[in-house]
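As written in Swiss-Prot, here are the features:
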- 7-129: domain 'RNase III' (DOMAIN)
- 42, 115, 118: Mg(2+) binding site (BINDING)
- 46: active site (ACT_SITE)
- 118: active site (ACT_SITE)
- 155-225: domain 'DRBM' (DOMAIN)
C-alpha cells in the first residue's frame, strides 16, 4: 500500500491527530488499491456513527417518537449526507484507489467518499476510543444537528415514491445488476428505473439498501430539473 500524501493537512481538516497514522491510511484505502482495504473499518464506523447520532437525537428531542428519531437518524447517516461531509473534507484528494477506479473517477464517487467517512470514524474509534470519537463526529455534525427537525425526514426512496404517486406515475423499480466481492465485503450496483427518466439511474454502495437509496436520491435530483 503506497503512502498517502498530505496527511497533516487532512488531519487538520478532520480536526483530529491520529496516534497511529497507519489507521488513517488504512481508512482511505479502497479495495481496488490493496487487499488491506477499508471495508472492515467502514463496517465498524457505520455502527459507531449510528450509536452516536442516535444518542444525540435521543437527548436533543426528548418528546420525539421512535419513528421521528429513526427518520432523523436515517437522514443524518445516509450515504448522501456522508458523501457531503467527505466532499467538505476533500477526501477524494487523499483516497488510495486502484488504477481502474482512478480512471473511472472513483475519487468523485459518492459511495466511495461516504464509505471512507465511515472508515475514518472506525479508525478514530480504534485509535482513541468512543468518547473522543463521539466528540469528533458531533463536531462534524454540529450544524446539521442544529437544523434538523422531527418533520419531513423521509429517505430518498420514500420521497421518490411519493413524488411519482403524486403525478399518478408508476412506482420506481430497483434491480441489482452486479454484486462484487466476498460475502463479508460486497459492493452492490443497483439500477433504478423511473418511467419519467430516459435511462436508469445507478447507485453503488456496500449494501443493497444503500445502493437503492443513492440511486433514488440521484433520480430525485434528475426529476427536479
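Positions of Cβ are set from backbone N, Cα and C atoms, glycine also.
A C-beta separation below 8 Å, combined with a sequence spacing of at least six in one chain, links residue 42 (Mg(2+) binding site) to 115, 116, 118, 119, 122, 206.
Of the listed recorded positions 46, 115, 118, the Cβ environment within 10 Å is emptiest of other Cβ atoms at 46. According to its DSSP assignment, residue 118 (Mg(2+) binding site) is helical.
The residues near the Mg(2+) site, meaning same-chain residues not in 42, 115, 118 whose C-beta sits within 8 angstroms of the mean position of the site's C-beta atoms, are 38, 39, 41, 43, 45, 46, 82, 114, 116, 117, 119, 122, 206, in sequence order. According to DSSP, the secondary structure content of the domain 'DRBM' (155-225) in residues is 28 helix, 20 strand, 23 coil. Over the domain 'DRBM' (155-225) the predicted model carries a mean pLDDT of 90. Per-class residue totals from DSSP over the domain 'RNase III' (7-129), listed helix then strand then coil: 89 helix, 2 strand, 32 coil.
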